[in-house]
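Scroll down for the structure; my scribbles are underneath it.
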Amino acid sequence: MELVISQGAQQHRWTRYLMIGLAVGVLDLVITSGLYPLLMLLPANLLGESAAAGILTKSEAPFSTSILFINLVVLMPLFETTLAQSLPIELARKLGASKNICIFLSAFIFGLGHFLNGGLGHGLLTFCAGLILAYFYLKVREDGPGASYWVTAIAHATNNLVMCILFTWFPSLA
């Protein structure tokens, strides 16, 4: 009987993490999309090429759509959550850094990686997205680093999934 209750509680907890991750991913997308018009105030030569446009134009092989989907919605969120949220935040916490330092450090790493891939515009937007992801990573951290990791990875995957759908339907947005 105790095992059944324990499994039910475990299942409820993971459902909660999934729902939080989905909600954070949508929130992240809405906030960063709202910031996009501010980027248009910068000179075009500073913004850099859209990383999304570059990715979409390179997918010409018949199987590339599924590979692109797996990379953007599964593999990259897992990889980037490890490198830009889990490792820097957990290391900074161990060194006694404040929550604000952890959030800024994580967002800086997240934005820097995207800046190197997509230019200043992409870097600034993902820095802002990184602030949100790091904030919620720490918010869920009381449930443990595993919970934080999965909520953040799900949020990132949700954001990438919606962006993939939008850029596929409306290529001019990329």
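Heads up, the Cβ atoms here are built off N, Cα and C, so glycines get one too.
According to TrEMBL, the protein carries these features:
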type     : residues : note
DOMAIN   : 65-162   : domain 'CAAX prenyl protease 2/Lysostaphin resistance protein A-like'
TRANSMEM : 17-41    : transmembrane segment
TRANSMEM : 61-79    : transmembrane segment
TRANSMEM : 100-116  : transmembrane segment
TRANSMEM : 122-138  : transmembrane segment
TRANSMEM : 150-170  : transmembrane segment
Open item on the list: At a threshold of under 8 Å on Cβ distances, which of 17-41, 61-79, 100-116, 122-138 pairs most often with the transmembrane segment (150-170)?
Closed with: 17-41
Task: Selection from 17-41, 61-79, 100-116, the stretch that has most Cβ pairs under 8 A to the transmembrane segment (122-138) - done: 100-116
Open item on the list: Cβ under 8 Å, sequence separation of at least 6 from the ends of the transmembrane segment (100-116): give me the contacting residues as numbers and ranges.
Closed with: 48, 51, 80, 83-85, 88-89, 92-93, 122-131, 133-135, 137-138
TODO: Go ahead and report the DSSP secondary structure tallies for the domain 'CAAX prenyl protease 2/Lysostaphin resistance protein A-like' (65-162): helix first, then strand, then coil.
DONE: 93 helix, 0 strand, 5 coil
Task: Contact set, same chain, for the transmembrane segment (61-79): CB under 8 Å, 6 or more residues outside the stretch - done: 55, 153-154, 156-157, 160-161, 164
- [ ] Six or more residues out from either end of the transmembrane segment (17-41), which same-chain residues have a Cβ under 8 Å from its Cβ atoms?
- [x] 47, 121, 124-126, 128-129, 132-133, 136, 140, 143, 147, 150-159, 161-163
